[in-house]
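Over in TrEMBL, the protein carries these features:
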- A:1-11: compositional bias 'Basic residues' (COMPBIAS)
- A:1-24: region 'Disordered' (REGION)
- A:12-24: compositional bias 'Basic and acidic residues' (COMPBIAS)
- A:C99, A:C104, A:C140, A:C144: [2Fe-2S] cluster binding site (BINDING)
Amino acid sequence: MAARPTAKRSPRRDDGGEHPSGDPRFKLIDRTLKRFQYQQDALIEVLHTAQEAFGFLEEDLLIYVARQLKLPLSWVYGVATFYHFFSLKPQGEHTCIVCMGTACYVKRAAEIVASLQAEFGVEPGQTTPDGKLSVATARCLGSCGLAPVIVVDGEVLGRETPETTLSRLKALLDTSQPEPMAG
Amino acid sequence: MNRADLENMAQREQERQQGFRCRLLCCASTPCLSSGGTAVADALQDEIARRELNAEVQVVSTGCMGPCSRGPVVTVQRQGEPDLLYENVTPDAARRIVQQHVQGGEPVQEHLLPLDIPFFTKQHKVVLSNSGLIDPERLEDYVARGGYSALAFALREMTPEEVCAEIIRSGLRGRGGAGYPTGLKWDLVRKAPGARKFVVANGDEGDPGAYMDRTLMESDPHRVLEGMAIAGYAVGAEQGYIYVRGEYPIAAKRLERAIRAAERRGLLGSRILDSNFNFRIDVRIGAGAFVCGEETALMASIMGRRGQPVPRPPYPAQRGLWGMPTLINNVETLGNVAPIITHGADWFAGIGTEKSKGTKIFALAGKVATTGLIEVPMGITLREIVFDIGGGIPDGGTFKAAQTGGPSGGCIPAQFLDTPVDYESLRALGSIMGSGGLIVMDDRSCMVDVAKFFMEFCMDESCGKCVPCRVGTVEMYELLRRITDGSATPADLATLEELCVMVQETSLCGLGQSAPNPVLSTLRYFRDEYEAHIRERRCPAGVCSLDQVPVLEWPDRLHAQALAGNGSISGEVN
């Protein structure tokens, strides 16, 4: 099998670890590749780094990782699509994750999702057309004591209701309006 | 570092801690942080700095203290006085605690959480004995409470055979769910021939509603590492992996830090504690797949592949990571190892019931007054957990069921509240211990809806490798959806039951084999709710909207009867 651990590979020198595009974010990926000595079983770790650096895994990135680890692209694509954590689509400026664990579900987290859907017209896993807000659901964030729980831009918020979530998100989107759109 | 150095370190740290007149322990685990714990810790620090108490008062960020719904919580330890615990601490209250209690000696009554309530007195902390009392990011704190002395003892005084024998004698069983005897597993790996062996700690806690493993990794990471090192010594492994769920970044960060700290002091790495034993641990971060909690899928994921299970046997004990014998234990199981070596197998076997020894951590959540993390001796009744420790059902609701074991488990109805909680009793009720999620439901929860929720989870999380699981879960979800939206017929219920058995018996791995459990257990105890949905088109709990009309393949006359709730329909159609 292709993914058996092979003997330590010597890091390749032909491109000096520099990505032709000159994008400095590739350096982060190269660092992880070197740390794992280009071993093929480090694929998930490398994809984690790549997603952290770029926000999502675009096709070029998958090709780059596949080349570096000498894995078929189909293999890398297969792994990237298998795990929920990896996203092949760009994320919105702000993210709102609604926990749908059992405790949150019993305390009606589904109503929060429905209200988001009604207000912003996005299903879980989608981004609003203007790229402002991505809505997602999570399996369980392990803060069951505070159910229902949402995560807005990395901040965990407990004991939410549809109303508090909506007003929070509206405030967030309003404040970000005057700033010029990045990129 | 050798054993004497370890003892010196412990003593120095104890003396340092006693040098403080007062210690303020702030909970810094995820639930308390998300209810404002950071601001509380900052307020305490500011107030102490303002009053120039830095030399005599210490603020420590600790792991979980238990009552998560009462967070943020702060423990005050004053020299020569019993500890006091504060609940719902605000930055304002924090300043008053410093002023009134720390300086004045007079506790702030309105935030005080008494420590003699059943929530605390009914618990028995073995695995969580350090949790909430030490700073998880400082090795010295752990060592001061006797950390790594079990490893030192095992390396010096015991052979690997003796370590395995001790674990077997203790009666410790796997805390991940199935409850396989841990010592036997260790002995199998020890005896298995292989050039290299591996130890894997399974910290991929995918069960919704369970967070014991995360708390243990966050609150006491060295406890897990010490357990892994002892396991490595016992089975002859030199490499360990700890697989942490991607959703737990704090746990992963603290583990990484703990590994580096232990390596620097020679407690991990080469020639541990001046012995001939080498053991390295690497953290592997999962990427969000429930199936990776299954041991063969977890190994695939560690090797950088899609987390798809493979048929067993061969078991990982014979052929695991890269074909080598591999020991896979749950994080909580490994958390029990150091206390067993320190206090002996007989002490451990004295806790719990005849077949289920020791304690179990539960994440108590759902419709109970006090939710949080509890560690109770095996054999405690469900009633004690829900009504004494959890404080009963809030808002005047009545207890309907307790869901244990997540999507692989089942619901236990009210008539079994006095059943002792152990592996066998729960299995007899059609549920499992599981990793320890315990969700309490009251009369406003619809059991069909709950079953649908778990089935949706399994459908999403099925890895897709085997057909019974991939197709079966989708079909079962579709049937449950139709029951909850009112478009199901009695024939659908029969199909659902058939599918349950088929998926259970023919799936490849634990995910598919246990996916029907929530349906089967709710059918067993709450069949009337399913029937009410189908025949009477009403949801007894008032959760489901039932706005769809059944599409019937029978004459209008029967259709009308079905809508009227005539019980004789199924006979005529079948």
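Just so it is clear, glycine is given a Cβ too, placed from its N, Cα and C backbone atoms.
Secondary structure from DSSP puts A:C99 ([2Fe-2S] cluster binding site) in a beta strand. Within 10 Å of the C-beta of A:C104 ([2Fe-2S] cluster binding site) there are 30 other C-beta atoms, taking all protein chains into account. When the neighbouring Cβ atoms lying within 10 Å are counted for each of the binding-site residues (A:C140, A:C144), the highest count belongs to A:C144. For A:C99 ([2Fe-2S] cluster binding site), the count of additional Cβ atoms within 10 Å of its Cβ stands at 29 [all protein chains shown]. Under the three-state DSSP scheme, A:C104 ([2Fe-2S] cluster binding site) falls in the helix class. In the three-state DSSP assignment, the secondary structure recorded for A:C140 ([2Fe-2S] cluster binding site) is coil.
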